[in-house]
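I have placed the structure first, in the form of structure tokens, so that the comments after it can refer back to it.
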């Protein structure tokens, strides 16, 4: 059975005649695994995979030479098909005992079975198990490695499992990138073993979900990991490969600041004019991470990997929670085709979430490439700052002079850029929260206090207002600290009634599916997606002029003076905010009445958002309601705020009808 499963001889043969691009079509569509199988292949079969007649003649001549040559009876040769066994292994330099050998082609060799000692079990997969191991080089130096062994049954390895195992070997042996897990060599024993680079800190998912007292990962570090991942995926895409299983569980921590892409069992080459791979039959795939075209048609491409990158980004900023938890696999596709999307995690900036939404574009051609994502991530990343004065105000992020601060995003009143409250993470305490911008100085500001919001990225769309984060995203979310790991936000039960833990977007109040936990949905994002295809009227004519939101007070928003009870909506994390209204602060009953009126008029907004909107409009309830609806429509679509205002005006401020209109015309 082993000679039948071996297929690397075919790759070697095709490479010699510059036809390597036909390796996978011949292997998977024509099912050729041995030279004699070509006796049953007709010219029209080769025509069907796009091979021209001159190329067919070259292949025929190469097969004649192969069959006329000496028949090797070596079992190793039959598996590797002409990849010459390299029995000598380079030695480690004596002056650098802590470094792994240099990545040279000769290192990816056949390794004697006795040179590898397996230790503790690290994990298992579909066709193999992974152990920690020790590889003893001929020089006597021992190198820590990971050893992946083929799962063997009572009658030996199954043909499918062996083929998958060897396919993974053939992929990994040609990869060399600082953020891709490296294959050192192959052990041809019983069982077959891959000797790979060891990532001693385990998977990123395990680190994200580690319980206390393990501190959470810093936001700046997560952004670094995203840039490393985008670079590695751009490398795979440039080599014509699609990963198909991109998730935090398959990202390994080689060091505290370095991740490596691993698990190449589902990797396939991209072929054809459309540059995609289509599954030939039912095989297990990670449903919650897959793009709609992968679930509907079994089609995978670099664009579907970009979709998975967006889900992986969501995982990283939600603390490793499972996407679409509680939703049956057969319903995930329906949710995605209804334009439902995972909500913005509390730690994720609006700029990064905007990138995730671009990765989740319904049409693959509308998603950015990985090479483009590298630049976008650099622009959307957080800014580094240093605390210049102690902050001890109630509700604010506590910080001391000299603390390193990562500015996740800055925000200000729409028309009052001088009244700035920023959201960030204290690098000393790992806590996240809001704080006055004047309390920090930016690392690139020459030691001057920061007085205006900072965003290193460029606005993705819409009109740009001075002093706003992400171009024109203007709302100030004071004290918007995320809940502790393992806890959910204290949301009123009546308002949570229609939100499922599976994160699907619903407009009606229905039963909640049960299942694995998920981060609390951001209602503003989830609620605006219609349940079914609406009957849309013609596009309304957009006038050249548009009303502008009411002008807010120019006063700085004061710090709250009274601390509400813990179970009061204002006592929730991220909900404390004193609204500066025209003529001074409203009395508490009057303020609460207006907040309740706004909250009942705009479905899905939070108590804090209503209070912020009233503060920005001087207490005008109608203007606050309209501004919130414009804000929701803006974040749902790719249109500018002025366009959103005019569309809502046309639909008489019916947000549901306006949402259906913009979703039908993205």
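Just so it is clear, glycine is given a Cβ too, placed from its N, Cα and C backbone atoms.
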Candidate set 96, 416, residue annotated phosphoserine in Swiss-Prot: 96
Swiss-Prot annotation of region 'Disordered' - which of the ranges 446-493, 590-637 it falls on: 446-493
Candidate set 7, 203, 582, 656, annotation phosphoserine, source Swiss-Prot, matching residue: 582
Annotated phosphoserine residue, as Swiss-Prot has it, among 255, 546: 255
Between residue 255 (phosphoserine) and residue 128 (ATP binding site), the C-alpha gap once rounded to whole angstrom: 25
The domain 'SH3' (380-445): DSSP-derived helix, strand, coil residue counts: 4 helix, 36 strand, 26 coil
Same chain, 6+ residues apart, C-beta under 8 Å of the C-beta of residue 245 (active site, proton acceptor), given in sequence order: 263, 265, 266, 285, 286, 289, 308
For residue 130 (ATP binding site): DSSP state (helix, strand, coil): strand
By Cα-Cα distance, the member of binding-site residues 122, 124, 128, 130 nearest residue 60 (phosphoserine): 128
Number of Cβ atoms other than its own within 10 Å, given for residue 128 (ATP binding site): 23
